[in-house]
Every structure is written in C-alpha cells, then in structure tokens.
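What TrEMBL annotates here:
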- 34, 35, 142: divalent metal cation binding site (BINDING)
- 28-251: domain 'RNase H type-2' (DOMAIN)
C-alpha cells in the first residue's frame, strides 16, 4: 500500500483511493465502512470503505475476507493484496485522520468529539463513492455510538440507499470485513513507517501497538516526553493518558486566566519569565533581531508572529 501522499505531510488528514471499477458505475453496488485505530494514543485513525457490485458478493466471500482483528498482520497484507488485485469489481478508499487532526478537533474551543469526527469521516467517504459514480444500493456500517441513531442519520443523509448499521458489522458482512482490512493495513503501515517532522534525531521506534494499556507504549510515552514541548504530533494530545503524563511530568504552565494575579507578576514571583514578555515590542532577543534568524516551524505552522501594535 502506497501511503506516500500522507507521509509527505502527516500533520494533516489525507484521502487515498483505488481506481473505480467500470462495473461499479453501471451495476447496483454494496459498500462497507469500518475503521482502525480509534482507541490508540499514538498514530492516526483510518476510516476505510470497500465496495463491489451486489451481484459479486459471493466472489468477495471467495477471497475469504474476515474481521481484521482476527487476522495476523501477514494475513491482512495478503488479503489486501487480493482485494487490490480484484480491481475489475472491487474498489476501496481511505480517510486517514492524523493524530494532529484528532487532537486539534477534540481540543478546540467548540468541541468536536471523536464520534462526530468518525461520523463525518464515514459520511465523507460514502459521498466520495457517490461522486465518483459508484451506483450505491446498500451500505453496511460498523456502528459508532447507538446503532439506531447512526443508521437514521445515514439514511437521512443518503436517501435511496439502504443503510444497515450493526455492532461488530466487520464480523457479519464480508464487505465490511474488506473495509476493515483496508483500514487496518493502512494504519499499520503509517505507524510502522512514521516520519517525525519535528527533527528529533534518533527516536525509539519500539512504541508497541499504540494502545494506552500496552507496556511498550507506556514506556515510550515516558521516555519521549519533553518537559516543555510535550510530545511530537505522533501522539494524540487529546487523550487522557497524554494529559495525565503532561500534568505530572511536564513543566507547569501558569495562565493569566487561572487567577486574578497578573501573569508577568506571577512569573516574576516564581523566578520565571512570562511567555508574554517574548511578544512585547522592543523585547526581542539578539537572535530574534538577526536577519538570518529563522522562525521555528511551531510558529509558522500556526501562523503566529509578534506584533509591535494591534
């Protein structure tokens, strides 16, 4: 699986897709939706769809697809290869939600929780299939939240398409199993070959599965925590696991809004420097004043710069 487009900038989300089989544009099709990586504290969450003509359901069964969680990594890779080779009647698409996207969505002022993020990713992929000319007749979905409400939401969004939402749909419907395999293979590849854009030098790649309960993941989180900057964007800052470690191991940050005391006075009282002092006119360091000084990517990515006047 080629994830080059996502790997070029893994701080943002990315959509990847196979070619659309011609038969899917002329015959009624079924489509399955599933995700991989909802629970981990590390790496992206990947939503996948797989689709084929309703008349080809038995051919899909012959590929012996199954719930990706019941398969070994080698089996998943082999089945994805078979799905990709069945391009005459099988198509797939992925929405890779970067950990940075997940974190910023969940931590923004107007809350955007993981269920809403998941629903929107699934809806976006179904719409992509329709916009690509796939003649959708049936959609099968592994539920996120209450199945009845989710099914009603999708049915209203896509009238004319028969929507079935079930818990454990990846073990009930082969087309959902196929979507599960596509999503899981993509997540496995992205985590295994993660490119750390923060230029951290040698980073320990033995971070385990990424789940908070994994001892390797726990050890990696402790080892890689920077007391000032926290973690690279590979880590989901919106997870309670991350927040607990930052609260207990990282440098405490005093915010002006925490109490009535002026932030700069509070910093001075504690023999610290207020962050606000770096943004004051006339307070630039010699390095900042230098014409050759390059602003750190943390600021440029967020479009942050110092202002002399408002």
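The backbone N, Cα and C atoms fix where each Cβ goes, and this holds for glycine too.
Remember, TrEMBL labels are computer predictions, not curated facts.
Because the structure is a prediction, the values reported are computed rather than measured.
All features noted in TrEMBL, drawn onto the structure.
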residue: 34; record: divalent metal cation binding site; Cβ within 10 Å: 28
residue: 35; record: divalent metal cation binding site; Cβ within 10 Å: 22
residue: 142; record: divalent metal cation binding site; Cβ within 10 Å: 25
Taking the centre of the Cβ atoms of 34, 35, 142 as the divalent metal cation site, the remaining residues of that chain with Cβ inside 8 Å are 33, 36, 47, 48, 141, 144, 169, 170, 176, 179, 180, 183
